[in-house]
Amino acid sequence: MSWHPQYRSSKFRHVYGKAASKEKCYDCVPITRNVHDNHFCAVNPHFIAVVTECAGGGAFLVIPIHQTGKLDPHYPKICGHKGSVLDIKWNPFNDFVIASCSEDATVKIWDIPKHLLTRNITSPKKELLGHVRRVGLIEWHPTANNILFSSGYDYKIMIWNLDTKEAVISNPVKILDAHKDVVLSMSFNTDGSLLATACRDRKIRLIDPRAGTVLQEASYKSHRANKVLFLGNVKKLFSTGTSRWNNRQIALWDQNDLSVPLLEEDLDGSSGLLFPFYDSDTHMLYVVGKGDGNIRYYEISPEKPYLNYLMEYRSHLPQKGIGMMPKRGLEVSACEIFRFYKLIPTKSLIEPISMIVPRRSESYQEDIYPLTTGAQPALTAQEWLNGVNKGPVLVSLRPGSGAVNSLPQFPEPEPLMKTTDLSHHQGRGERMPLEDMQKPSEIEDSRKQLKVEEKFLKNEKMCLSNGFDIFECPPPKTENELLQMFYRQQEEIRRLRELVNQRDVQIKQLELELRNICMDTGSY
């Protein structure tokens, strides 16, 4: 009989939530009083956007992320909608583009200027007209550029291609008409090839968005789902909702079998909605309660019991909505693995809450920061519409690192790798990053070898592939970029060969000097 310990070994067992100090909060923000069940907040490393209360029409604020403290009551708004704004989402590949949807049945795309706003923005970059009733949800595609999904109270999900010059788009590229009631939640898997939805008819559906077909449908009557979330890298779905007795409930589903949940658990008897958030890098799941101040967090495992409760962050201030900072905007020096922005309308306050792994060392903790989704699209809109699937472009959160394609498509040619290896051994580890191609003086100056060697050792995990640094420059995506990269590689090969020849000359000179010294010593 085997003995199983009562505790689990996990590096995230002691994660704790830390609320920001008063001066690092956003005060005097007129947060919306709308009762729609959405986050009402969107965050990226540059801005925080929040839906506001306003008289007539709908508006939202876009505040620079570092502009904390009290907000000017006359701060400019984005106010082009004729009805209340119901959802806002930042473009994951452009931190200065945001989408909004409203009760006026439109979706609008806005360009946010890089300088501080000085006046209200009323003219959108694009306007999407297709829904006949109010639009309650929008979602950007996770890997394809300029693909947007919108869901309205006309029970339709529309797919929009924004890669057009038209300012007003009336025809979506695809309409998903598989629901018989209002869609309450949408979630993509990792590469965006599957879409999970939760509907007001309490059914969870798994949809192929390009074909428009329903692959799986869950009609489990003991769990009435409100929100659904794809746990993409473990091939599971997570949903929050209510039980038969109106208790708040969570459930975990197998992506390939939605007939019965793998796990269901009652949490409490509160009436507020539960918003789920998943961090695929740490396999941590956060459940945020609307109308209370609690954030429960769990760790997902591939085997039973699947869901391992870690801890609960508690606060006496209830949240109306919640925003989430992308991983590339976190403070890695403080071992921060997640950050929420909590909307507290009773105090007109937005409070950042950091989830922190307690570590004594101040150095970069590589074990809690694996490669994560970056800000570069893996596909163009047309490629995705044509049926191509590709995982996200990954980046390292280590300071000074850049993007690396999760699926490298260009094999390494033999002659170039031999040349690169030769320069590595004979040039004492001298690297040739793409930026240094424009600096022949640095290449020809062989007396800087020690400094270059130190730099190489410091960045030893950065590697050359196809003649360019894959952490600093992503692989080309168009024919023109491919030609440019080819010419740059040819130039780099030429420079590397010159460098090798210089090293050969130096070696021969040193050998001659050594031979002369030996002969002089022998003559004595």
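Each position is counted from 1, following the chain as shown.
Cβ coordinates come from backbone N, Cα and C, glycine included.
Predicted, not measured: the structure shown is a model, and the values here were computed from it.
Among the features that TrEMBL reports, compositional bias 'Basic and acidic residues' is placed at 421-443.
Residues or ranges marked as domain 'DUF1899' in TrEMBL: 5-69.
Per TrEMBL, the feature region 'Disordered' maps to 410-443.
If you look up TrEMBL, you'll see 78-112 (among others) marked as repeat 'WD'. Sequence-distant contacts of the repeat 'WD' (78-112), counting only residues of its own chain at least 6 positions beyond either end whose CB sits under 8 Å from a CB of the stretch, comprise 32, 34, 36, 38-47, 49, 51, 54, 57-62, 120-129, 131-140, 142, 145, 148, 150, 152, 160, 162, 326, 373, 375-377.
Look at TrEMBL and you will find 128-170 (among others) tagged as repeat 'WD'. Note on the repeat 'WD' (128-170): its mean pLDDT in the predicted model is 95.
According to TrEMBL, the feature repeat 'WD' maps to 176-217 (among others). Within the same chain, residues 37, 136-137, 139, 141-144, 147, 149, 151, 153, 155-159, 223-230, 232-233, 237, 239, 241, 253, 255-258, 280, 378, 384-385, 387, 389-392 sit at least 6 positions outside the repeat 'WD' (176-217) and bring their C-beta atoms closer than 8 Å to a C-beta of that stretch.
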Tertiary contacts of the repeat 'WD' (128-170), as residues 6+ beyond its ends and Cβ separation under 8 Å: 36, 38, 83, 86-93, 99-109, 176-188, 190-192, 195, 197, 209, 373, 377-385, 390-393
